[in-house]
Amino acid sequence: QPSPAPVTSRERPASCSRGFMMAELSTVSLPPTPFGLDLGEEIKTGCVMFYAPPVTIYGITWLICLFGLVGNGIVLWFLSFHVKRNPFTVYILNLAISDTFFLLCSTAYLIICVVEHTFCVNIVFIYIFMLFNVLSLLTYNTSLYLLTAISTERCLSVLYPFWYRCHRPEHLSAIVCALLWALSILLFCPVGVFCLDLPSEHCVISFLPTCFLNVLIFAPIMILSSLTLFIKVRHSSQQHQPGKLYAVILLTVLFFLLFTVPQSVQIFLFYCKIFDSSEIFHMLASASSGINPFIYFLVGSYGKRQFRGSIKVALQRVFEEKTDSREHGEKTSAEPMNTVI
C-alpha cells in the first residue's frame, strides 16, 4: 500500500492567544515549537504530535482564566440585575463581555492542549488553534476600543464639563459600544477568512488594517486621554479626594497596556521572524482580561486607608458613584475660575 502523499503546501497552525503565534508546517523535519506542536516528519502522515506542554506556565494561565471568568461573571451578573445603568456601566458591561469571551476561548485551548498532547492530532485540530486565534483578535480589538472610548469620554467630561453636560446624547454609550463592536467584527472578517486558510500571505495582508487602526489611532488616543485624565485627577486631589471612578479607569488602562504591549511586540517580532515564543504572552493576555474585576473590587472596598465591605458593597461604591458631569458643571458655575474635577 503506497504511503500517504506528503503535504506540499506551507501550513500555519496557531495557538489561542491575543495574536498570531504561528509556526510553519512543511515536509522538512522541524524542531518542536515552543507552544506544544512537534512539526516534524509526522506531518507527512497528516497528523501532528504533541509533546508535554510547559506545565507551570499552563497551570498559572489556567488559574488566571478561572479566576478571571469568576470575576467577570460576578461583574456581568451585578451590572445586569443590581445596578441602575449609567454611561460608565454600559461600557464596563461590554468590556466584561469581551473579556469573558476571550477567557472562555483561552480556557478551551488550554484544556484541549493538555488532553491531547500525547496523541496524534489530525490537521483539523490545527484549524481549531487558528480559530481560537482569530476569535481572540476580535475580543482584543473590542477591549482596546472600549477602553479608548471610556478614557476619552471621561476626559471630555473633565475638560469641558458644561459642554459635556448639555450636549451629550442620552444613549451615547450604547451607540458607541455598538459601533465599536461592529468595527471590531468588520476588521475580524478578512482575518477570519484568510487566516483560517493555510497559506499565509493573504493572512498577513488582512492583518494590516487592524494594526494601522490599533497602533496609530486607538492606542494613542487612549494613552493621551488617560494621561490628561491623570493630570487633572492629580491636580484636583490637592483640593478634594478624587472619585473611585477615575481610579478604576486609570488602573484599567494601565494594566491593559502593561499586559498587552508585550503581546503586540511579540506579534511584530514574529512577523519579522525574530521570535515566536508565546506561552508567557498568552499568560499576560489572559491576565489582562481577568484583572479588571479585581480592580473594581479593590478600588471599591478601599476607604479611609483600609479595605472593608463585601463584594456587592465594593462594586456598588464604584458603579453607583455619581458619574454625571452635572456635578462638575455645578462646581464650574459656582467657581468660574476653577475647572477641576
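Residue numbering: from 1, along the chain as shown.
Each Cβ is built from the backbone N, Cα and C atoms, and glycine gets one as well.
Unlike curated entries, TrEMBL annotations are predicted automatically.
Taken verbatim from TrEMBL:
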- 55-79: transmembrane segment (TRANSMEM)
- 71-296: domain 'G-protein coupled receptors family 1 profile' (DOMAIN)
- 91-112: transmembrane segment (TRANSMEM)
- 119-138: transmembrane segment (TRANSMEM)
- 175-194: transmembrane segment (TRANSMEM)
- 206-233: transmembrane segment (TRANSMEM)
- 245-268: transmembrane segment (TRANSMEM)
- 280-299: transmembrane segment (TRANSMEM)
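Long-range contacts of the transmembrane segment (175-194) within its own chain (CB-CB distance under 8 A, at least 6 residues past either end) are made by residues 90-91, 94, 134, 137-138, 141-142, 145-146, 149, 153, 169, 202-203, 205-207, 209-210, 213. Sequence-distant contacts of the transmembrane segment (55-79), counting only residues of its own chain at least 6 positions beyond either end whose CB sits under 8 Å from a CB of the stretch, comprise 89, 92-93, 96-97, 99-100, 103-104, 106-107, 110, 113-114, 279-280, 282-283, 286-287, 289-294, 296-297, 311-312, 315, 319.
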